[in-house]
Amino acid sequence: MSSSQQFRPIVWTIAGSDSGGGAGIQADLLTMHDLGVHGCSAITANTAQNTLGVPAINPVADAALQSQLEALFADLKPAAIKIGLLVNAAQVRLVADFLRAMKARGEAIPVVYDPVAVASIGTPLTEDSTGEAVLNDLLPLCDLLTPNSVELEWLAGMPVDSAEKMLTATRRVRGEHACALLVTGGHLEIEPGVTADLLSRGAGESLSEDWLIGKKIETLNNHGTGCTFSSAIAALLAQGYPLTDACVVANAYVRRGLRLGGSGAIGAGAGPVGHCGWPTELRDYPEVLVAGSERAQRFAKYSEPAALKWAAEFAQPDSNRLGLYPVVDSVDWIEKLAKEGVRTLQLRIKQPGSDLRAQIAQAVSIGRHYNLRLFINDYWDIAIECGAYGVHLGQEDLQTADLNAIQRAGLKLGISTHGFFELLYAYQYRPSYLAIGAIYATNTKDMSSQLQGPDKLARMAALLPDYPLVAIGGITLDRAQEVAASGVGSIAVVSAITGAPNYREAVAQLRAVLEQ
Ligand SMILES: Cc1ncc(COP(=O)(O)OP(=O)(O)O)c(N)n1
Ligand SMILES: Cc1nc(C(=O)O)sc1CCOP(=O)(O)O
Ligand SMILES: [Mg+2]
């Protein structure tokens, strides 16, 4: 099948046409095509625009909007919906009624709403009655809002001119509406030379607030960034990306478009942001701010206890390619596999007995004898006491472990990640390696909500071509070739070795694939 014939999930954009081709429906469809979905449109207004301004709005009649939605629903059911410009209260209610009816039929379709120009910067695009209808009718049906800081001021009814106020305003909006918020920071320079988006999601115990930080890109060609961003998120959600991953990849897509997009040749004013394909370079991806880092002080994310445990730039292993990496639960296995010539190993004890410390100490001593790269899972404090080669930590462990102590003791550090967001977050620590999982379904551990697949693995690996990367999760001999082709230098396995009928043969075969 050629790439143009491949299955593409459907995404709707309900938004205005920009005759200048820079924003609105035109930007949305370009974005959706670039990111691998089929875009459908329901046009709310035929705006007359060019790069210099908006001479006319021209809303479509309600019946025209309704008929577009009905035609789409009859044949082209969406996997996600992006909503942009709604010109008046009647349009807001019409769209809200349509979404409500879809939800009543049991269609769980993520809705991303970019409250474009409800609060005006530049030319007002909406009629006065629109705001109230948005708050009362539309927001309860949305999963994610993507306001800029000016639109956030309107939503929260307070000024937003600092990191603290952005957080307060976001909490206020989220206190009244269930949807997540991604506030784009392009209008507010919290730190000079930097743009910072704020992603707030979850609630109660699982509330998360994350800053996504990038170098400010100076360009005149930035028209349509908000539309592009929200439709990119919708396109990624439609393909099953979790919200966090969709937000960081969409952020990178826009930043790539700003960086590469404009030769300045389109129009005399603000030209369109570029649509330059999948973001393949790390430099376009945001930094996910880590509490405890120095920068966190400027973004109200700093805490003294977190700062005391914070560390980055861990000792690097002797090679970026750690090769076959069995993860085992006993000292016995460490010794057996070391004798087979395996050099990278992990001791992962999930049911510790009273001899835990003794087991770790023995494993460390075997590791020294065979010159292993031996990582101890979870028990970083015992690993330090025993002088282990390294420790392996999960994302949750990063909130509690004393990374500073691990670094001071000279231990290497491996970190688990599951998707783009966690990869970018863990990268802030510059660990000795980054593990990416779970690549396939596995019976060893319930990873069903965090499966990456080989294509995503390859995209993540491409961001860090010179970094020690490890793939894990459901990797068998049959799949090892495909995993190795992603560019990772190491494959971690549990059952492919410990559950193999002949572990020696399994080791030899897996190593052969990696060495090819
Ligand atoms: C190489 C490697 N990658 C990922 C993991 C998973 O570690 P973690 O997230 O700490 O989960 P548990 O292994 O503790 O269940 C790993 N162990 N090794
Ligand atoms: C322990 C573990 N961590 C994973 C992650 O994705 O973080 S997947 C996984 C299980 C790996 O076992 P197997 O090779 O038998 O599938
Ligand atoms: Mg662990």
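Placed from the backbone N, Cα and C atoms, the Cβ positions cover glycine too.
Matching Lys309, Lys336, Lys445 to the 4-amino-2-methyl-5-(diphosphooxymethyl)pyrimidine binding residues that TrEMBL gives (Gln346, Leu347, Arg348, Ile349, Lys350, Asn377, Ser416) identifies Lys445. Checked against ligand 3, the binding-site residues Arg348, Ile349, Lys350, Ser416, Lys445 give no residue with a Cβ less than 6 Å away from one of its atoms. Cα to Cα, Asp378 (Mg(2+) binding site) and Lys350 (4-amino-2-methyl-5-(diphosphooxymethyl)pyrimidine binding site) are separated by 9 Å. Mapped onto three states, the DSSP output places Leu347 (4-amino-2-methyl-5-(diphosphooxymethyl)pyrimidine binding site) in strand.
Under DSSP, Asp397 (Mg(2+) binding site) is assigned to a helix (H, G or I) in the three-state scheme.
The two recorded residues Asp397 (Mg(2+) binding site) and Ser416 (4-amino-2-methyl-5-(diphosphooxymethyl)pyrimidine binding site) have their Cα atoms spaced 10 Å from each other. The average pLDDT the prediction assigns to the domain 'Pyridoxamine kinase/Phosphomethylpyrimidine kinase' (18-273) is 93.
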